[in-house]
Structure formats: C-alpha cells, structure tokens
Amino acid sequence: MEMFQGLLLLLLLSMGGTWASREMLRPRCRPINATLAVEKEGCPVCITVNTTICAGYCPTMTRVLQGVLPALPQVVCNYRDVRFESIRLPGCPRGVNPVVSYAVALSCQCALCRRSTTDCGGPKDHPLTCDDPRFQASSSSKAPPPSLPSPSRLPGPSDTPILPQ
C-alpha cells in the first residue's frame, strides 16, 4: 500500500511540474498595444500616442546556492524588429523642430537586457504621463489607463547587457 501511495504522489508531482513549467497562465513576450505620452523640450504641449511595445513573460532561472555558484543571466522581453514613426507636435515655437519619433514594436524576443534598445531599470512611477511638471495635469484630454506596462526607451547609453549581481 505504501508503494502505491508513493507512486501516486510521484505521478501527481510530475504532472504538476509539467503543467507549471509550461506557464500557461502567463502571457509570453510579444507586442502589445500601449498609449505613451510624447513631449519635447521647448514645445508647450504633451500628447498621447498609440503604439506597440514589447511586454510579457520570459522564462528565467535562479540558483538555489547563489553565494557558491555564479549568477545566471536573466532574459527580458526585448524588441526584435522595430519601426519608427514620427508625429508633429502642435504649437511648437519657431526654431524648435516639432517632429518627435517613437518606436513601434513589430516583433519581440526574450534576450539579455541591452541598454541600447531597452530601459533595463524598474518601471517609472507614471510611464504614461509627461515628465515636465507643467503638463502633469493636462497631458491629454483623456487620462491613459494606469495599468499599462512601462514603455522601453530607444536608444540607450550603451550596448552592454545587464547581468544580475
């Protein structure tokens, strides 16, 4: 009887491990629709644009004995193919180029975080609002939803991957 219980427990644990490893409930890394705030220094306006960004789950691993073994590289959701679109900000004074470009994710991949194409830091407090305090209350006619993921910034300071410490 004990052998039967042991086999049953082993069967249940192996099935649970298989199901959990597939991560069926977590959306994988893919382009998703997002609303971003767009502003430019010197222009008295901040508007929102609809675009696609890369977001979602990338499988990662961590070591149990972190002090003994070296850290494993962690992958994040990155742009694979990207297109840039431009918009003209209304009301910019003469001498200020009113054209602003932003990224549109065409495809995404799980890879090491590269600062040349990805914001490797934590999420901004309010990724969908303007940075200039003059525009905080009036960045758009409709406030963007607060639940959207933080957008990645393009380009960044270097192409060095971020590894865990």
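Yeah, the Cβs are placed from backbone N, Cα and C, and that goes for glycine too.
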**Cys54: disulphide-bonded cysteine as recorded in Swiss-Prot, out of Cys43, Cys92, Cys108** = Cys108
**Complete:** Candidates Cys29, Cys130; Swiss-Prot says the disulfide mate of Cys77 is Cys29
**Request:** Pick out which of Cys43, Cys46 Swiss-Prot lists as the disulfide partner of Cys130.
**Result:** Cys46
**Request:** Would you mind reading off the Cα separation of Cys110 (disulfide bond) from Cys77 (disulfide bond), to the nearest angstrom?
**Result:** 5
**Request:** Compute the C-alpha separation of Cys43 (disulfide bond) from Asn50 (N-linked glycosylation site), stating it in Å without decimals.
**Result:** 20
**Message:** If I take the Cα of Cys46 (disulfide bond) as reference, which of the disulfide-bonded residues Cys29, Cys58, Cys77, Cys92, Cys113 has the closest Cα?
**Reply:** Cys92
**Request:** Find the one among the disulfide-bonded residues Cys29, Cys54, Cys77, Cys108 whose C-alpha lies closest to that of Cys130 (disulfide bond).
**Result:** Cys54
**Fill in**
Among Cys29, Asn50, Cys54, Cys58, Cys77, i.e. the recorded positions, the one with its Cα nearest that of Cys92 (disulfide bond) is Asn50
